[in-house]
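S.K.: Below: one structure in structure tokens.
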Amino acid sequence: MEKTIIIQRYNPEQDQAPSAERYQVPFDHSTSVLDALLYIQQQLDPTLAFRWSCRMAICGSCGVMVNKIPKLGCKTFLRDYPAELTISALDHFPIEKDLISDMAVFLDHLQAVKPYLINDSKNTEPHRQTPAQLKKYQKFSSCINCGLCYAACPQFGLNPEFLGPAAIVTAQRYNLDSRDQGKAQRMPQLNGKNGVWACTFVGFCADVCPKHLDPAAAVNQGKVASATDMLISIFKP
Amino acid sequence: MQVLTTDIIVVGGGGAGLRAAIAAAQIRPDARISLLSKVYPMRSHTVAAEGGAAAVTLAEDSLDAHFQDTVAGSDWLADQLVVEHFVKAAYQELVQLEHWGCPWSRKADGSIQVRRFGGMKTERTWFAADKTGFHILHTLFQTSLQYPAIQRLDEFFVLDLLVSEQQVLGVLALQLNSGELFQILAPKVILATGGAGRLFHYNTNGGIVTGDGMALAYRHGVALRDMEFVQYHPTGLPGSGILITEAARGEGGILLNKDGYRYLQDYGLGPETPLGQPKNKYMELGPRDKLSQAFWQQQQAGLTGDYQGHAVVYLDLRHLGAQKLAERLPFICELSRSYVNIDPVQQPIPIRPAVHYTMGGILTDLHGETSISGLYAIGECASVGLHGANRLGSNSLTELLVFGKAAGEHAAQSLPPTNTSQPTAANIQAQSRQLQLASLFGAKQQHSVASLRKAMTLAMEQGCGIYRDDAGMQQCRSTLLELQQQLAKLKVSDHSKVFNTELIQYLELSFGLDVALTICESALARKESRGAHQRLDPGLTQRNDQDFLQHTLAYRAADGRVALRYQPVRITSLPPAARVYGAAAKQGA
């Protein structure tokens, strides 16, 4: 059994713009999009460039558009698609080559929200944190930084300065952590014009998240936090 | 070629590299610490560790107990001074991660929860659900972002170490998105490049785990120690090798053969423990080498099942119930549903052993420093002496932290007061490597990097697998040597500069073949069975302390072959004894 994989190829050293190439790939019930890409690279064309590593949906490397929907290549299976499928680099990021996107802006946004525990205690023993307190932020701590939510977000597509779903999720992850004292330092970013209020609540980010984190909910919680913040009058949309 | 000057280069952005960079930045906030990795740090393979990190935590536990478990688990090949140091430092390192925000799982009162793990006599494994490595990696990565001294060089591939007169001068690296070469000069280089599991066909490792750092050091005359000890994890998914954590057994999962029989009781791990009452060091909580070997025995006896052409046994979690599985093992449930289409709540998971971890690595001292001044190695690429012939699950995540910190601190404290760089010596070496690199390109040929790599992984699986014999290893060695010759003749057909993945895979394979040969040669010469190295040859099926209570040191000889030497094992307080589990251990105690 074979399927046709159409890949948007782009080599900045010789191409003006991406163009489609077709490949025939054998598949069975367990063949993932990543397996198909590896087959093409190993058997048909060693110049095909894409990122991958863990093949178990935890390292976040292999995000691509599959039929225009952001997906992790390793967790998307050929069995679920018709005879042809189209694969391209993630939307909304500059393309470096073939399926490799430039993720620098994503990392800048992540860094901007101070994604670390801010707490000046000098205790040498662990903090106490009950399972209920852990649960408040646990889901938001599971972001694998794959960038699919940015490829899905129309606002980020229009304005790359928008912090975006994953960075806001991560800010909320720390804001909601009972051990953290840094919320006041993160709020200016979240309140700013490229923070939570730039989100128009399309919700596509939540649909594509491979870890089902519901970034849209984090953004909305961020809006509530922001609205209750004393800066509300300045940043009201 | 661009030249950068810095103070400390960390090669690898996984758990060990990040911990080292943070430790160095805390001591020397004024220093320039370059964190260089062939991937973005959060893609590093630490991310895939599931089960947990060990440290003595409960009142009824003791440092001595953790020491004994680790030494016995190593089949007495661990360096006992190193183990003593490790068990003492472990707890404070896990607390440090807690202070940095790691979402450790908790008990109802808010204190740290610990779980059972194979080969450990007491619960001492800290965990963050079943994604402990993921949480450790992201906690360290995000924490590292607050130190301006740490400057990242993401997606840089190291081609060579720059070394002169046994002093490291820096590294030569390729920037992947431009194809530009960089000489990065520093008096300290810390290798944290991970293991070499990808040398084998069936493995739990990410595609990036290709042994690069081991080969870099080996090519400059540093010994690779105890390379013959390669850990098979007993529970990988068939085909892909995707890891199903040992914590599944720690929580009470059982292993069944095709007849539904708990076969481990036949291999010195019994008696059978009641369902839902896992017992430390019995049955499914025996050590990894013994469990993987029992699989092989079952396969020989025709008692394994079949999953799409792969021999398998079954990990049964059904009795744990949907709620506990969702709380303690959510990732395992997700992996099983996605990759073998099995819901563990309803059906046992088909599993088989897959290569997981390289116990051996670059020989270092207690601070992680190697025989080359200023060159350090930490984490899985290193052999500091903790794991010996078999690693206990959950010791290696703690190892990243304890020895990552030690190396980062040592490098920062011993930075020379003034600039000692030798740009001329470095430049001569870099220029010659640049010429070699240019000579690798050519026309497409019959063989490809992919076909040679596959031949290597199959040879390793055949010759250096769970059980080994002389004929199989000889065959493996001659295949590897032939592949080296073929690779030397092979040309890289992709001439592009930006993200030339064929070139990178060529270089990774070249590194990998060097490392594979050290594994094979070290294994051939160890004429006994110990830990993860099990031989079938008559007379060699038992441990032989008389001749082999020593470390293997593999050096690269002048003619490119592997030269072996031996080093005595440091024994401080626990003399060698029989390594027994299950009821046999109780009788012996």
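Each residue, glycine too, has its Cβ placed from N, Cα and C.
Values in this document were obtained by computation on a predicted structure and should not be read as measured data.
Annotation source TrEMBL lists domain 'FAD-dependent oxidoreductase 2 FAD-binding' at B:7-397. What TrEMBL lists as FAD binding site is B:12-17, B:37-52, B:D212, B:E380, B:396-397. Annotation source TrEMBL lists substrate binding site at B:H233, B:T245, B:H356, B:R391. According to TrEMBL, the feature active site, proton acceptor maps to B:R288.
Please go over these features one by one and say how buried each is and what sits next to it.
M.R.: The average per-residue pLDDT of the prediction over the domain 'FAD-dependent oxidoreductase 2 FAD-binding' (B:7-397) is 96, rounded to a whole number.
In the three-state DSSP assignment, the secondary structure recorded for B:G12 (FAD binding site) is coil.
In the three-state DSSP scheme, B:H233 (substrate binding site) is classed as strand. There are 24 other CB atoms within 10 A of the CB of B:H233 (substrate binding site), with all protein chains counted.
DSSP assigns B:R288 (active site, proton acceptor) to a helical segment in the three-state reduction.
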S.K.: Take the mean position of the Cβ atoms of B:H233, B:T245, B:H356, B:R391, the recorded substrate site. Which other residues of that chain put their Cβ within 8 Å of it?
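M.R.: Here the nearby residues are B:G51, B:T204, B:Q231, B:L243, B:E246, B:R288, B:Y357, B:G393.
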S.K.: Which recorded positions are spatial neighbours of B:G51 (FAD binding site) here, meaning Cα within 10 Å, out of B:H233, B:T245, B:R288, B:H356?
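M.R.: The recorded positions close to B:G51 (FAD binding site) (Cα within 10 Å), listed in sequence order, are B:T245.
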S.K.: So which one is it: of the recorded positions B:R43, B:R288, B:R391, which has the fewest other Cβ atoms within 10 Å?
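M.R.: If we count Cβ atoms within 10 Å for the recorded positions B:R43, B:R288, B:R391, the smallest count is at B:R288.
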S.K.: What are the sequence-distant neighbours of B:G12 (FAD binding site), meaning same chain, six or more residues apart, C-beta distance under 8 angstroms?
M.R.: B:L36, B:S37, B:S44, B:L191, B:A192, B:T193, B:G194, B:G213, B:G379, B:C381
S.K.: Please work out the number of neighbouring Cβ atoms within 10 Å of the Cβ of B:V47 (FAD binding site), leaving out its own Cβ.
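M.R.: That number is 28.
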S.K.: Using a Cβ-Cβ cut-off below 8 Å, which of the recorded positions B:V39, B:R43, B:V47, B:H233, B:T245, B:R288 are near chain A?
M.R.: B:V39, B:R43, B:V47
S.K.: Considering each pair of residues in B:H233, B:T245, B:H356, B:R391, all listed as binding substrate, report the largest CA to CA distance in Å, no decimals.
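M.R.: It comes out at 15 Å between the most distant Cα atoms.
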S.K.: Please tell me which one of the recorded positions listed here (B:H233, B:T245, B:R288, B:H356) sits closest to B:A16 (FAD binding site), measuring Cα to Cα?
M.R.: B:H356
S.K.: May I ask for the distance between B:V39 (FAD binding site) and B:T245 (substrate binding site), taken between their Cα atoms and rounded to an integer number of Å?
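M.R.: Pair distance, Cα basis, whole Å: 24 Å.
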